[in-house]
Amino acid sequence: MVHFTAEEKSTILSLWGKVNVEEAGGEALGRLLVVYPWTQRFFDNFGNLSSASAILGNPKVKAHGKKVLTSFGEAVKNMDNLKGAFAKLSELHCDKLHVDPENFKLLGNVMVIILATHFGKEFTPDVQAAWQKLVSGVATALAHKYH
């Protein structure tokens, strides 16, 4: 279980309140699919994923990215119980979708890059440390149901 200090929680909540979930979610998933092309196999029904511009402009990528980042908001609300907050998603990704749990770490790291891009100087090393801790905790929680 990940333990967050009061300062880390405050830091995460403060930045999360400024995140444009639709924009950042689409960018994060899009970047994941471009940088780690093997992850595209989970999105066969998304249509054209043939190039970076096709991926980043794909409405299904944007919509699913928003959905992913919206569910990440559950992590922000449930920092003290990440495993509980992500139990059903962990089961879905393990039993039905068969997603390699390593992909959760990759997406978390991409998300941190997107946040750094969006928030620039406001995304200090302390802010990054808090967010890295959160995305790592989410990746662990999502991998929890794997055998």
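Any Cβ shown, glycine's included, is placed from N, Cα and C.
According to Swiss-Prot:
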BINDING   His64, His93  heme b binding site
DOMAIN    3-147  domain 'Globin'
MOD_RES   Ser14  phosphoserine
MOD_RES   Ser51  phosphoserine
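Features as recorded by Swiss-Prot, highlighted on the structure.
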| residue | record | CB count, 10 Å |
| --- | --- | --- |
| Ser14 | phosphoserine | 12 |
| Ser51 | phosphoserine | 10 |
| His64 | heme b binding site | 18 |
